[in-house]
Amino acid sequence: MAAKPKTPPPVDSLTRAQAKIEHKRLALEIETHNERYYQKDAPTVSDAAYDALRQRLEAIEARFPDLITANSPTQTVGAAPARGFAKVQHAVPMLSLGNAFSDEEVAEFVERIQRFLKLGPDDIPAIVAEPKIDGLSLSLRYENGELVRAATRGDGFTGEDVTANVRTIKDVPHNLRGRNIPTACELRGEVYMLKTDFLALNKKQEDAGDTVFANPRNSAAGSLRQKDVAITASRPLKFFAYAWGEMTDRPADTQHDMLEWLKDVGFKVNPLIELCNSVEKVLKFYRKIGEQRASLGYDIDGVVYKVDRLDWQERLGFVSRSPRWAIAHKFAAEQATTILKGIDIQVGRTGAMTPVARLEPVTIGGVVVQNATLHNEDYIKGIGNDGQPIRDGVDLRVGDTVVVQRAGDVIPQVVSVVIDKRPNSAQPYAFPHTCPICGSHAVREEGEAVRRCTGALICPAQAVERLKHFVSRLAFDIDGLGEKQIQEFHERGWIKEPADIFTLRERNPKIKLEELEGFGEVSVRNLFAAIDARRTIELNRLIFALGIRHVGEGNAKLLARHYGGIDAFRAAMSEAAAAQTDDGNASEAYADLNNISGIGDIVADAVVEFFAETRNVKALNDLLEEIEVLPVAQARNDSAVAGKTVVFTGSLEKFTRDEAKASAERMGAKVSGSVSKKTDLVVAGPGAGSKLKDAEKHGVQVISEDEWLKLIEG
């Protein structure tokens, strides 16, 4: 049983030697948390726990100033930029804010400003109060009104160049509009994600078996820092502008007027911002925003106060890592203690098995919480995605008294265990190795946190997604049987597995499809004709249609070419699966599969796991009773294009794009989607665009569609 963390002694009671040891430990721990938060977008402690560590470190340094070093977390901002992005030097540092955790500390902040500016006790400086968006800080550089660079905060002095990704965010204007546009300026704000968009993204990630995000801040940061711009573009990121760095000609003299200017030039500015002229009004704003917090569409973790007059901001300047003229008034974490009554397993559309905590109902922030996400089996054991301990390494057991927090106001999370209240009867949780929905065995691939059901073709939880894949364009491509029809036919029990598609006609006298809304006799005849047209299919398309994990269009072709026909493929996979099931030793069939160029361990294991599930094999056998599978002709190695890399561009008149690709592959060529110096041939039709220019740039031969036909027919 894990020991309960000890309460540290008061800082006032520490000797210098004790303080030095604790200072070193705290600094290292905070630096580790900074790296996880700023670089990996995967924090393992709550904001409240992190703030407590910083407060402890600051208290030690206040009592023992000689322990302060240039590298202390109290003297630095964020974390160094991660590898993989170009570094950007900020013209004006992007520093973080000091924190206030009570009304008294806010009043002290205003008093410090008054003393520094030598103002009278009744001369209260105007304060701009704004919600503190919980997202990722971003700096945008504009030159002559045009966006030229975007960078993350990084360590405050050097950030990451994310320009290409930021151009996909609709809230970020590519060109500033209106008048008073400085020759050069750095405009700053926060990238964030709406709560509803975050929940939808996590559902998508969960269904795909990918890592889910802990909160909207992590999802926004992770989405912005993608190497693939297309992924960022697919994520619904938002942006609020609220600050600036370098600026050649400042268009206003107050913070409030600068925010109005930011709106004028095309940015979104938080509409809840208020100008306050007393401490009482500042605190009233804080309480009002706190009451609205749960109903806002986005996450906030406090309120920021800034001196309104910019000349006063300049006079006040900075201290260490933060400005004197601004402070963040943080919200207390919304937590409650309850009992973990059970752990339920949900199965996603792709077989990912996700544990969910069933809790004794408890109210947190005005919301009744009965369930909390547990992410995966490692999370239950007290291990984070990066392999590091979470919750002090304490595992979760049914019957535990747990502390639950509404992470980012959205998804409740179990943040700690009250270990002293653990029942003697509580046992370590055993994550199931079979699917609770269909009973198929569940596997966890090496290097992954997710365990998956292998009953791809027969698991009801996966059925709709698998059937949609089965009839997709690169698989059986059945016209008239789309997502809507698959969903409805499955809900009515008409199609449960692939073979059912091909028995619809004979079952129709009982089903009466023509009586279904949106269908008529003509529609039904057309659907049956489209199904019958797909009773003959190439082996590679069938393999792809099975929806085996890691087996995409390319790998399906590699497998089909290697085995040639369905009988040889089935026999080899059955032998490989049987050997794995019997004694765990690899068979000759597995070795042969694994040695196929381009396949490898991960794909080979996924294929064998599919065939090791007997109900998948039965579903495939039932399907083969209804269809004919054509053997795959071996690619030629003696054609004029064998071994060459070919790119098709523009409109093709004699081929569809898929037919052109297939013709090239039959001739032994490799088809690519982009032109590079490694490309041998570009086949260009009418309307060829950038790929034609790329071919000219790299000196690649360009031919017409007719010339291509002569080449492959000769």
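Glycine too: its Cβ is placed from the backbone N, Cα and C atoms.
It should be emphasised that the depicted structure is a prediction, and the values quoted were computed from it without experimental measurement.
What Swiss-Prot says about this protein:
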type	residues	note
ACT_SITE	Lys132	active site, N6-AMP-lysine intermediate
BINDING	Asp47, Ala48, Ala49, Tyr50, Asp51, Ser96, Leu97, Glu130, Arg153, Glu190, Lys306, Lys330	NAD(+) binding site
BINDING	Cys435, Cys438, Cys453, Cys459	Zn(2+) binding site
DOMAIN	636-714	domain 'BRCT'
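All features noted in Swiss-Prot, drawn onto the structure.
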residue : record                                  : contacts (Cβ under 8 Å, 6+ apart)
Ala49   : NAD(+) binding site                     : Val415
Asp51   : NAD(+) binding site                     : Asn99, Phe101, Lys330
Leu97   : NAD(+) binding site                     : Val304, Ser322, Pro323, Ala326, Ile327, Ala328
Lys132  : active site, N6-AMP-lysine intermediate : Ile300, Asp301, Gly302, Val303, Val304, Ala328, His329, Lys330
Lys306  : NAD(+) binding site                     : Ile127, Val128, Glu130, Gln255, Gln313, Trp325, Ala326
Cys435  : Zn(2+) binding site                     : Val347, Gly351, Met353, His441, Ala442, Cys453, Thr454, Gly455, Cys459, Ala461
Cys438  : Zn(2+) binding site                     : Cys453, Gly455, Ile458, Cys459, Pro460, Ala461, Arg615
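The binding-site residues under consideration are Cys453, Cys459. Their Cβ neighbour counts within 10 Å are lowest for Cys459. Taking the mean position of the Cβ atoms of Cys435, Cys438, Cys453, Cys459 as the Zn(2+) site, the remaining same-chain residues with a Cβ inside 8 Å of that point are Val347, Gly351, Pro436, Ile437, Gly439, Ser440, Ala442, Thr454, Gly455, Ile458, Pro460, Ala461, Gln462.
Cβ contacts within 10 Å of Arg153 (NAD(+) binding site), excluding its own Cβ and spanning all protein chains shown: 24. For the domain 'BRCT' (636-714), the DSSP counts in helix, strand and coil order read 28 helix, 14 strand, 37 coil. Across the domain 'BRCT' (636-714), mean pLDDT in this model comes to 83.
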